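Only one structure is covered here, and it is reproduced in the block below.
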Amino acid sequence: MPYPSRPTIALVTDCLFCRIVAGDIPATVVRETDTTLAFRDIDPKAAVHVLVVTKEHFVDIASLAQADPELTGDLMETAAVVAETEGLLADGFRLIFNTGAYGGQEVDHVHAHVLGGEPLGPMVCK
Ligand code: AMP
């Protein structure tokens, strides 16, 4: 069943992560590819907390995965390389895509959270 009615393309000029990709807003970039950008979260929730975004604007992982599986693969590959270069592979890490209102998504530009560097606790706090 297709993901419901959130738009794939939003007003990118108003998008925080589009502005980071464009270089209009500074960020601590840890990896860049032709299609993706990885930068440190401004309010880290773990010892290592990196966000990985597609340079092209998609609202969320569901929209991206349905529209462009190849680009989805690029995003996952960059997340994996970041996990390796941040030294997270031996002890493990968490990859999160907050999606939509119930998922707690605050920025409507698809992003993976790469979290690690310490034990992360339970997956969801109730
Ligand atoms: P989410 O709640 O999944 O949409 O996550 C958005 C994330 O973006 C949060 O973890 C914020 O701390 C992070 N964030 C917000 N503004 C910035 C910024 N200017 N640079 C880096 N990370 C940011």
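Here the Cβ of each residue, glycine as well, is placed from N, Cα and C on the backbone.
What TrEMBL says about a protein is an automatic prediction, not a curated fact.
Because the structure is a prediction, the values reported are computed rather than measured.
Range annotated as motif 'Histidine triad motif' by TrEMBL, chosen from 24-28, 74-78, 109-113: 109-113.
Outside the motif 'Histidine triad motif' (109-113), and at least 6 residues removed from its termini, the chain residues within Cβ reach (under 8 Å) are 10, 15-18, 41, 45, 49-54, 57-61, 63-64, 75-76, 79, 94-98.
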